[in-house]
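Some notes on the structure that comes next.
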Amino acid sequence: MFEKLEKAAGFIEEKLNGRPEIGLILGSGLGVLADEIENPVKIPYQDIPEFPVSTVEGHAGQLVLGSLSGKKVVAMQGRFHFYEGYSMDKVTIPVRVMKLLGVGTLIVTNAAGGVNESFQAGDLMLITDHINNTGTNPLIGANDKRFGPRFPDMSEAYSRELQTVAKAIAGKLNIGLKEGVYVGNSGPTYETPAEVKLARVLGGDAVGMSTVPEVIVARHCSMKVLGISCITNMAAGILDQPLSHEEVIETTEKVKSSFLSLIKEIVKAI
Ligand code: R1P
């Protein structure tokens, strides 16, 4: 795997001048951030050796490399999910390729359902921690020490230092940034009301079907992680209305401007 991913990183490097220092994974409907990248080099996933392809609406399916707020970045405009039928190690290939490109800080974003009843659709939530409820783990299998240790420490999955930066910037921009624990499920079904209640009892504030595998792999290879969820809807059973991916995309469109300014200012500050 390591050699194959080195080949993928080499393929990307040939198209760049300068190595990216910050990686961004843009969630459902949040790919607009990649449009802000200056002097972009866009590489469709299907052209990159070993990369899967995006199959979900709202995920464009390309890497965008260039400058954002004066920093060299690599952004995934669209991510991979376990429910698309990709194994966990496929889902997380881009994180390892980012590491091989020189990325030390990863900003993960996602569209999530609000479990905490004090949240509202359209809120942005700083992820303080996560619960892996997918029933599996991307690090199952032989461990390659070149990426990281067999038993990685997850006591600070989301960097406290980056959380402090994000909170300060949200305050400066007057964005009422919520905070909470993201519960990662496999999907593709949205949670039942009973599952949402369970997530709340377990200490979850938001639910979704991504992020957790990426963060596990990022921490395995010692990247610092910052996570931001866009609460696109309240999870099942809170409001008396069915959930849909259309609503998820619609909400991300509404929060676009605060999401963009928050992330751009964070990138500037780190
Ligand atoms: C469901 O509407 C989709 O939105 C979220 C869920 O995980 C699921 O893929 O997408 P992201 O987590 O990729 O933002």
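The count begins at 1 with the first shown residue.
Here the Cβ of each residue, glycine as well, is placed from N, Cα and C on the backbone.
Model, not experiment: these values are computed from the prediction.
Per TrEMBL, phosphate binding site is recorded for S28, H59, R79, F80, H81, A111, S210. Same-chain residues at least 6 positions away in sequence with a Cβ under 8 Å from that of S210 (phosphate binding site) are, in sequence order, G27, R79, H81, N110, G184. Taken residue by residue with DSSP, S210 (phosphate binding site) is part of neither helix nor strand, so it is coil.
In the structure as shown, the Cβ atom of E191 (purine D-ribonucleoside binding site) sits within 10 Å of 23 other Cβ atoms. DSSP assigns E191 (purine D-ribonucleoside binding site) to coil in the three-state reduction, outside any helix or strand. Feature annotation from TrEMBL assigns purine D-ribonucleoside binding site to E191, N233.
For the domain 'Nucleoside phosphorylase' (21-268), the model gives a mean pLDDT of 95. What TrEMBL lists as domain 'Nucleoside phosphorylase' is 21-268.
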| task | Ten-angstrom check, please: count other Cβ atoms within 10 Å of the Cβ of S28 (phosphate binding site), all chains counted. | result | 26
| field | Between E191 (purine D-ribonucleoside binding site) and H59 (phosphate binding site): CA-CA distance (Å) | value | 21
| Of F80, H81, E191, which binding-site residues come close to ligand 1, meaning Cβ under 6 Å from one of its atoms? | H81
